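Chemist: The active site, charge relay system annotation in Swiss-Prot covers Asp149, His194, Ser402 and is backed by sequence analysis. Summarising the annotation, Swiss-Prot assigns domain 'Peptidase S8' to 121-459. As annotated by Swiss-Prot, signal peptide applies to 1-23, with the evidence given as sequence analysis.
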Amino acid sequence: MNKFKFFIVFLILSLVFLQNEYAFGSSLNEELSYYSVEYDNAKTFKESIKQKNIELTYKIPELHTAQIKTSKSKLNSLIKSNKNVKFVNPTCSTCVVEKSVKTGKNLNNKKNGSHDLFDRQWDMRKITNEGKSYKLSPDRKKAKVALVDSGVNSSHTDLKSINKIVNEVPKNGFRGSENDESGNKNFEEDKLNHGTLVAGQIGANGNLKGVNPGVEMNVYRVFGSKKSEMLWVSKGIIDAANDDNDVINVSLGNYLIKDNQNKKKLRDDEKVDYDALQKAINYAQKKGSIVVAAVGNDGINVKKVKEINKKRNLNSKTSKKVYDSPANLNNVMTVGSIDDNDYISEFSNYGNNFIDLMTIGGSYKLLDKYGKDAWLEKGYMQKQSVLSTSSNGRYIYQSGTSLAAPKVSGALALEIDKYQLKDQPETAIELFKKKGIEKEKYMDKKHYGNGKLDVYKLLKE
C-alpha cells in the first residue's frame with residue numbers, strides 16, 4: 001500500500017514537472033512582438049514588467065505610455081494580473097510616404113547667387129508675392145519652429161539657424177534592425193533626406209530661401225533609415241513642446257485604426273498609439289505650441305469609408321475607423337498641397353471638414369503624362385516640383401504634402417513674432433485664418449479647406 005502511494009505521488013510530481021517544463025519551453029520558443037501599453041501608475045507598471053521579465057523598449061512618461069517586447073503568454077499574464085494596465089495593442093509604425101523620383105540631378109549652386117536660386121523657387125515667389133513678404137518680416141525673430149522628422153544636415157550652408165537636435169530613435173533603431181543607430185541623443189543624420197527638405201522650406205537662408213529665412217529651428221529625429229514607431233513621433237511632439245517651440249511641424253504620418261466600440265484591454269486596433277498621438281498634440285497646445293501636420297499623399301477622400309479603409313485592408317462594414325494621422329486629429333492645423341496652377345495636387349488627401357488650408361507642395365502630373373526623360377529634359381521638373389535643401393549639402397527638386405506643411409509652419413512663426421502672440425495658439429490660428437489665407441472662387445471646402453496661404457497678406461498691416 002505504501003509502495004502504491006509512493007508511486008502515485010511520484011507520478012503526480014512527474015506530470016507537474018513535465019507540464020512546467022513544457023510551459024517553460026514553449027515560452028522560450030514563443031515569438032516576441034512589440035506592443036504599445038497605456039498604464040495608470042508608472043512605478044507599478046515598471047515593477048510589473050520587471051517581475052515578469054518583460055523588456056521595456058520605449059517610454060513616454062508624460063503620457064503614461066510605453067512600448068514593450070514580449071511573448072503573447074507573458075502579455076496575457078501581465079494584463080490579467082495587473083489592473084494598472086489600461087490598454088494594449090500591437091505597436092503601429094509609420095513611414096515617410098513621399099513619392100521619390102531619382103532625378104539624376106543635384107544642384108550645387110556655389111557659383112550662383114541667391115537670386116538665381118530664388119528665380120527657380122516659383123513656389124516661394126508665389127506665396128511671398130515675389131519676395132515682398134521678406135521686407136515685412138519682424139526685425140527680431142524670437143519664435144521657434146520644431147521639426148518632428150528624419151533628422152537634418154545642420155552643416156548645410158543654408159541651414160545655419162538649426163539650433164537643437166534631439167534624437168528620439170533608440171539604440172539599434174526600428175525594432176532592433178538598425179545596428180548603426182547608437183541611441184545618442186545628439187545624433188542628427190538625415191538618412192531619408194526628408195527632414196532636410198522640410199527645414200529648407202521653413203527657414204533656409206542662403207542660396208535658397210525658406211518662407212521665414214533664419215528662423216530658429218529645432219529638430220526631433222524620429223527616423224533612422226527604415227520605419228518609425230508612431231510612439232517616437234508622439235515623444236518628439238512632447239519634447240518639442242517642453243522645449244518651448246512655438247510651432248511644431250509634422251510632415252509625416254500613418255493611417256491609424258481605432259475601434260470606439262471595442263472596450264477590451266487587449267486590442268486588435270491601434271488605440272494606444274492613436275490616443276498617445278492625440279494626447280501629445282493636446283499637451284503641446286496647453287504648452288502654447290501649434291502643431292501643423294501634412295495630409296497623406298494618396299489622393300483619397302479620407303471621409304469616404306471605403307477609400308480610407310482600403311489603405312489598411314479593412315472592409316466598409318467593420319466598426320473600426322481609419323484616420324489619416326496626425327492630420328485628422330483635434331487641435332492640429334491641417335495642410336494640403338496645391339500645384340503650380342493653384343489646383344489641388346493629385347496626391348493630396350482631402351475630405352469634408354478635414355483641411356484647414358492649402359499651399360504649394362508641387363505635382364507630378366507632367367511626369368506621369370510625358371515620362372521621366374521628357375520631364376527632366378524639357379524642364380517640366382523645374383516647372384512643377386519644389387526646390388529645397390538636400391541632405392548631401394546641395395539642393396534637390398521634390399513634390400509632396402511634406403513640402404506644403406512647413407511653409408505654413410514658417411509663416412505661423414512669422415505671425416507670432418509680428419503680432420506678439422507667444423503662447424497664444426488659439427488667437428494665432430484665428431488671426432492666421434483671417435489674414436493669411438486667400439480663397440479663390442473654385443476652392444471648395446472639401447478639397448481646399450479655407451483656401452491657400454498668402455504670407456504677404458498675413459504680414460501686411
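Cβ coordinates come from backbone N, Cα and C, glycine included.
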Chemist: Would you count the other CB atoms within 10 A of the CB of Ser402 (active site, charge relay system), including those on all shown protein chains?
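Modeler: For Ser402 (active site, charge relay system), the 10 Å Cβ neighbour count is 30.
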Chemist: Quick check: in three-state DSSP terms, what is Asp149 (active site, charge relay system)?
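Modeler: DSSP assigns Asp149 (active site, charge relay system) to strand.
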Chemist: Using all protein chains in view, find how many other C-beta atoms are within 10 Å of the C-beta of Asp149 (active site, charge relay system).
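Modeler: A 10 Å sphere around the Cβ of Asp149 (active site, charge relay system) contains 29 other Cβ atoms.
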Chemist: Using DSSP, would you call Ser402 (active site, charge relay system) helix, strand or coil?
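Modeler: Looking at the DSSP assignment, Ser402 (active site, charge relay system) belongs to a helix.
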Chemist: Is it possible to get the count of other C-beta atoms within 10 angstroms of the C-beta of His194 (active site, charge relay system)?
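Modeler: The answer is 24.
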